[in-house]
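One structure is given below, encoded as structure tokens.
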Amino acid sequence: MANERTLSIIKPDAVAKNVIGEIESRFEKAGLKIVAAKMLQLSQAQAEGFYAEHKERPFFGDLVGFMTSGPVIVQVLEGENAIAANRDLMGATNPKEAAAGTIRADFAQSIDANAVHGSDSPESAEREIAYFFGNEEICAR
């Protein structure tokens, strides 16, 4: 088992519902530590840059519009197999398919407004963390 870091974003829909603490509590109860966190209002350029891999997909414009519609919480989670653990906690991308008790089943509205983002691989985690955080902003715990 590897100690890993992953990026988590609490998306505008979940921030608007005021469930930030409930979501973060789930991370901590699962053994993940929050080692960096900040609230941001993403600009269009920031959202487009972060989701650049989806630029040619038909949903790109809607995704960027949604991610800039309100503040988000970006955070780095650390722990044993953090990437897989976070993805298990989040549940399926489509909340209608998400298992009961997952973040998306409990807090998401739709496949677009699905409450949270999490890195899907070690390579994505490294790139996504570096997109939002400098090394000096990540605190060992």
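Positions of Cβ are set from backbone N, Cα and C atoms, glycine also.
Annotated features in Swiss-Prot:
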{"type": "ACT_SITE", "residues": "His117", "note": "active site, pros-phosphohistidine intermediate"}
{"type": "BINDING", "residues": "Lys11, Phe59, Arg87, Thr93, Arg104, Asn114", "note": "ATP binding site"}
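Projection of Swiss-Prot feature records onto the structure.
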residue : record           : Cβ contacts under 8 Å, 6 or more apart
Lys11   : ATP binding site : Phe66, Met67, Val72, Ala113, Asn114, Ala115, Val116, His117
Phe59   : ATP binding site : Asp112
Arg87   : ATP binding site : Gly118, Asp120
Thr93   : ATP binding site : Arg104, Ile111, Asn114
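In the three-state DSSP scheme, His117 (active site, pros-phosphohistidine intermediate) falls into the strand class. Between the recorded positions Arg104, His117, Arg104 has the most other Cβ atoms inside 10 Å of its own Cβ, all protein chains included. Comment: ATP site residues Lys11, Phe59, Arg87, Thr93, Arg104, Asn114; largest CA to CA distance 21 Å, whole number.
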